[in-house]
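Visitor: The annotation domain 'PABS' is assigned in TrEMBL to 2-235. Per TrEMBL, the feature S-methyl-5'-thioadenosine binding site maps to Q31, E106, D137, G138, P162. What TrEMBL records for H62, D86, D155, S156, T157, E158 is spermidine binding site. Sequence annotations record features per position, and here TrEMBL assigns active site, proton acceptor to D155.
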Amino acid sequence: MELWFTEKQTDRFGITMKIKRTLHTEQTDFQKLDMVETEEFGNMLVLDGMVMTTQKDEFVYHEMVAHVPLFTHPNPENVLVVGGGDGGVIREVLKHPSVKKATLVEIDGKVIEYSKKYLPEIAGMLDDARVEVKVDDGFMHIANSENEYDVIMVDSTEPVGPAVNLFTKGFYAGISKALKGDGVFVAQTDNPWFTPELITNVQRDVKEIFPITRLYIANIPTYPSGLWTFTIGSKKHDPIAIEDSRFHDIETKYYTKDLHKAAFTLPRFVEDLIK
Ligand code: AG3
């Protein structure tokens, strides 16, 4: 018998993958968690029916969430990841020698537990000495932080279920307060094909709070439409005006110095969303 998984990315469109076997399935306190082995993309974490990460294409998302803001900031020492319980962003953060401390605040401890078990090359750095893992509500953590972080990365699910607060203007205001005077933040902001209003709204909200607001893109085959966006808010440093000398060599598979710049060049229909 053949087993296929479909994520209905909209009511009328989906992505389908052939499944070898189910590794784990459970209703956690926050969401439905499925870990499956796919034929094409290796092990895959699915939350509430939505693809979160796969062994084959995870590097694109994790490198782009981490390295764009971390190279934008001249000396990131204290960084925070909100969400991201699979550990992929943390793994990339730790490639930056300036980082002294990386805090991960993930609301669902089960995501951490099963990522460690079934996605070891993604979650493997969560036990590093520079990392503090807190199983807690990211929104509350931000609300209680002030002038603390150089860079904050929001690696959330979609704005349904547990992450709904993480797409509000109040949250971005909290992030601004939690950042130091020259801090930078990034959030994953979905795709321009099926959720264009979300991109427009987040840009509008972030612009009202951060003097520098920008959008960049990456190709992620297993996410809706394959074209993903990230919104940056920055107090001082402009991600598209980085001195060449700022870039240092790190091991990556997607991110490069040239790609950093190229990622901010948007197709016209995407540019139009943020005018
Ligand atoms: N977080 C964003 C995934 C969004 C995908 N959406 C979907 N499949 N509908 C990914 C977490 C990776 N660390």
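Cβ atoms are placed via backbone N, Cα and C, with glycine included.
Provide an account of the burial state, proximal residues and distances for the features listed.
Guide: In the three-state DSSP assignment, the secondary structure recorded for G138 (S-methyl-5'-thioadenosine binding site) is helix. Its Cβ placed at the centre, G138 (S-methyl-5'-thioadenosine binding site) has 27 other Cβ atoms within 10 Å.
Here E158 (spermidine binding site) comes close to M50, D190: these same-chain residues lie at least six apart in sequence, with C-beta atoms under 8 angstroms from its C-beta.
Around D155 (spermidine binding site), the same-chain residues six or more apart in sequence whose CB sits under 8 Å from its CB are V65, V81, V82, G83, G84, G88, V89, Q188, listed in sequence order.
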Visitor: Please state how far apart, in Å and to a whole number, the two most distant Cα atoms are among H62, D86, D155, S156, T157, E158, the recorded spermidine-binding residues.
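Guide: Pairwise Cα check on H62, D86, D155, S156, T157, E158 gives a maximum of 16 Å.
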Visitor: Going by DSSP, is D155 (spermidine binding site) sitting in a helix, a strand, or coil?
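Guide: Reduced to three states, the DSSP call for D155 (spermidine binding site) is strand.
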Visitor: Which one is closest to Q31 (S-methyl-5'-thioadenosine binding site) in space, judged by CA to CA distance, out of the binding-site residues H62, D86, S156, T157?
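Guide: Spatially nearest to Q31 (S-methyl-5'-thioadenosine binding site) by Cα position is T157.
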Visitor: May I ask which of the binding-site residues H62, D86, S156 is closest to P162 (S-methyl-5'-thioadenosine binding site) if we compare their C-alpha atoms?
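Guide: Going through H62, D86, S156 one by one, the closest to P162 (S-methyl-5'-thioadenosine binding site) is S156.
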Visitor: From the centroid of the CB atoms of Q31, E106, D137, G138, P162, the recorded S-methyl-5'-thioadenosine site, which same-chain residues not already listed sit within 8 A by their CB, in sequence order?
Guide: F30, G83, I107, D108, S156, A163
Visitor: Considering Cα atoms only, can you say which of H62, D86, S156 is the nearest neighbour of G138 (S-methyl-5'-thioadenosine binding site) among these binding-site residues?
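Guide: When the Cα distances are compared, S156 comes out closest.
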